[in-house]
Amino acid sequence: MPDAVKVGFVPFSTASRGTLVVFCDETLKFGRAAGKALGSSAGLVKRAAAANQFKGKSATTLDILAPEGLKADRLIVVGVGKTPALKSSDFLKLGGVIAGKVRSDNNGVTIIAELPSATMEPDLSASLASGIRLRAYKFDRYKTRKKEGDDAVNRADVSIAVADVAAAKKAFAPVNHVVNGVIIARDLVNEPPNVLYPEEFARRASRLRAMGVGIDVLDVKAMTKLGMGALLGVGQGSARPSRTVVMRWNGGKKGEPPVAFVGKGVCFDTGGISIKPANGMEEMKGDMGGAACVVGLMHALAARKAKVNAIGAIGIVENMPDGSAQRPGDIVTSMSGQTIEIINTDAEGRLVLADVLWYVARKFKPKVMIDLATLTGAIMVALGTEHAGLFSNNDELSERLTRAGLDTGERVWRMPLAPEYDKLIDSKFADMKNTGGRHGGSITAAQFLQRFVDDTPWAHLDIAGTAMGAPKSDINQSWGSGFGVRLLDRLVAEHYETKR
């Protein structure tokens, strides 16, 4: 998708035309540059605030015609609340709030990025710019008739006025690459399934070659030779052949074990022979949200030249019913040699992940391995749409993911793993079965995956409630959210990049 908005940094002295945006705290105090820009109009603005009961609380806005004397036509005052408590994630949200207010403004927007009572560091300006871009995103490439104003955001030119332009640009550069990764993930999730099928998904992931990412695409013949019977069983009812794509970024020390990310990529999930209800089935185009995140993350790591060795692996299939489709009662042999009784063909994502997890663990011996999957409806019953489910065999990794989630706003909540749950997936006829019954469904799904990771420090993120169809937020108005890219990039940056 073309970029929805142009964002740049300019000095405080830049003239403000079109819309002027300034910040104030709960005392309605403005920063020095904003006060200078407002001049004698500051008193009028405060009277307008009183008339509109605007109190400067965080993320609230006062939107008025610019008072006489300002070069701007429109003035938006954005509350920041109590400034000492502000964090980077707060400015991400504020950027989204501003983008939501100026979508229809094609006369230019200038934001004076200055706090009333504190210095606004370059990283906060970078977060502000990121929030603007994330909120401005929309997916409308298949609309041939557009309502008046639909394209206004494409003409929005946002200038962020800062004290140090060079420092702001430097801070924004790596963050902007991460935003691009989120947008890539959103685009993939939003694509219709007749356009984004396994072969096409593999082609799009392969575009990362141009950024220095090593790419291996395993076709059906290669996966058959490897013994990936669990993954191949899922796709055998589809006319679209399955693929596994392995992406390698070598930005760390030579020979250092990589961090690995594995994504579920079911491009469309009918449920197979255990077919889903027709109502809402169209949303199963997003059942590849985990794989989309991994591709977006690998883009971000490569684009910002992350000092880490990283593996991204995605298993890409369609789960369709036909005469050759997998049946309930079938027994398949996974790459690990473990056998699996198929109880429900709609519990297919764990079968895909089982083979890819085993392949990555054995071939690359990663220091940590994290998988992402829109795996279970049960996690939505447990956690709703505000947290992803986190399952892990490693406390340190779990704590790091939780912290990264709090820092980025992509929050996770740890769920239990225990032998009592694991025994629920034992089978009378095979080593295990692919469902463990009605209760604790997200837990038994994670227990299934754990059988394919050996002793690798591992975490599973069930993103069924956060990757697609989640409630709209200040930084996302799209059906596909791109959840996980910012979370995992933060994890890598904080804990796994080489310090040079």
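Glycine too: its Cβ is placed from the backbone N, Cα and C atoms.
If you look up Swiss-Prot, you'll see LYS264, ASP269, ASP287, GLU348 marked as Mn(2+) 2 binding site, on the strength of sequence analysis. Annotated Mn(2+) 1 binding site per Swiss-Prot: ASP269, ASP346, GLU348, in sequence order, evidence recorded as sequence analysis. What Swiss-Prot lists as active site is LYS276, ARG350.
Overlay of Swiss-Prot annotations on the structure.
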residue : record                : CB count, 10 Å
LYS264  : Mn(2+) 2 binding site : 31
ASP269  : Mn(2+) 2 binding site : 26
LYS276  : active site           : 15
ASP287  : Mn(2+) 2 binding site : 28
ASP346  : Mn(2+) 1 binding site : 20
GLU348  : Mn(2+) 2 binding site : 29
ARG350  : active site           : 28
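Excluding the listed site residues LYS264, ASP269, ASP287, GLU348, the same chain places VAL234, GLY265, VAL266, MET284, MET288, VAL317, ASN319, GLY349, VAL352, ALA373, THR374, LEU375 with Cβ atoms within 8 Å of the centre of the Mn(2+) 2 site Cβ atoms. Between the alpha carbons (Cα) of ASP346 (Mn(2+) 1 binding site) and LYS276 (active site) lies a span of roughly 8 Å. Cα to Cα, GLU348 (Mn(2+) 2 binding site) and LYS276 (active site) are separated by 12 Å. Secondary structure at ASP346 (Mn(2+) 1 binding site), as computed by DSSP, is coil. A distance of 19 Å separates the Cα atom of LYS264 (Mn(2+) 2 binding site) from that of LYS276 (active site).
Taken residue by residue with DSSP, ASP269 (Mn(2+) 2 binding site) is part of a strand. Cα proximity to LYS276 (active site) (within 10 Å) is found for the following recorded positions from ASP269, ASP287, ARG350: ASP269.
For the pair ASP287 (Mn(2+) 2 binding site) and ARG350 (active site), the Cα-Cα distance reads 12 Å.
With respect to their backbone Cα atoms, ARG350 (active site) and ASP269 (Mn(2+) 2 binding site) stand 13 Å from each other. A Cβ within 8 Å of the Cβ centre of ASP269, ASP346, GLU348, the residues given for Mn(2+) 1, is found for these other residues of the same chain: VAL234, VAL266, THR270, GLY271, GLY272, SER274, LYS276, MET284, ASP287, ASN319, THR345, ALA347, GLY349. LYS264 (Mn(2+) 2 binding site) falls within a strand when secondary structure is assigned with DSSP.
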